[in-house]
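Each remark here refers to the structure printed beneath this line.
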């Protein structure tokens, strides 16, 4: 069976030229990137978001954004991102043990950006393309038959398309339909206080100014690590305009699973965890300015890979956190959502209007093993920070660096999917095994640092 060549990794198809209609449920990172990528590949998109309005990417994800509008979208987002040259690794006394470069996340590669800023930028670009985005529109029911799939919006209006893509996050209703049941998260026993607020709130407090010493030039990031899984990451953002911090802890009874839900978290509770640190006066001087409405306490959860991402009828599937919720510590939730979205758009383009079911099956074949391996990375990464042996670390500071495997950070999803689609499609049609090229050689996540930063032209 022949395969269309498509417009290629950097190509843009005429709007609506594929004749494939796609309903996307959820307009977070995965949903908005899927809407934009599908539009660029000639598909007709309707995006649904139950909220009334719009509410950290590695180098593997920014390759996708670089292809939009001659790189202008990425340039704008980078201008709103954080500029961190290296992360300082310290003990609770403030002794510096390692400097971890931001290779894979730094300027010219990936970016460190507040989720709300990123989502807003994606939304503005999608809106500029004229994509049909509908807010206050909850998908309350799902259905499919041999020729189409659809949803009921707000319990009233039925809309149909060639396929439905659920990008509706960790509490996905689309996933419930796909599986036929709800899945429960597996608590890790960890939680994290999380806050981001304007650095202007530090004005007038001389004890807090140390964190802003490089404001206007670049940002700084400090990670304090101690025993028992307790740690603090404290940084500035947008060259000193924002202050961002997280406290990882095990007292998670009041924590919420969502990154965004503001709970009754109190900064006093976070500070109490750090009160025995020699650096407490210094860090408390900054943290105590956190507004209560900017603070959340969320649970670090884990989920096993789903048995499938696709419905029995084959026209409804999940992507992003709905398909493979990542531990926050892995730093790949947004990146893998972007890769899913790009893969979806290309597979629909290459399969064509008459083979939408096949396209969604190929998406799963190309993406499933990669995301499953990354889902399993949280424990390996966290083990670096749990109960550190500072004497050993002082002899070999590299052991505290964040893992940067080449197969993950060096991945070009556009190029890979265009090249691999025929092979993955044949495996689906013949019901044979398929090994994607986007996974490590031993099919396991390992703490390695073999990613090589691209040389500037």
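Glycine is no exception: its Cβ is also placed from the backbone N, Cα and C atoms.
The following features are taken from Swiss-Prot:
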type: ACT_SITE; residues: 194; note: active site
type: ACT_SITE; residues: 224; note: active site
type: BINDING; residues: 49, 115, 321, 334; note: FAD binding site
Around the Cβ of residue 194 (active site), other Cβ atoms found within 10 Å total 21
Could you tell me the C-alpha distance between residue 194 (active site) and residue 115 (FAD binding site) in angstrom, no decimals?
13
Hey, how far is residue 115 (FAD binding site) from residue 224 (active site), Cα to Cα, in Å?
23
Mind computing the max CA-CA distance among 49, 115, 321, 334, which the record assigns to FAD binding, rounded to whole Å?
18
49, 115, 321: which of these binding-site residues has the sparsest Cβ neighbourhood within 10 Å?
115
What is the interatomic distance between the Cα atoms of residue 321 (FAD binding site) and residue 224 (active site), given in whole Å?
28
Return the count of C-beta atoms lying within 10 angstroms of the C-beta of residue 334 (FAD binding site), excluding that atom itself.
24
Measuring Cα to Cα, how far is residue 49 (FAD binding site) from residue 224 (active site) in Å?
38
For residue 224 (active site), the number of other Cβ atoms found within 10 Å of its own Cβ
21
Fill in the CA-CA distance, residue 334 (FAD binding site) to residue 224 (active site), as an integer in Å.
24
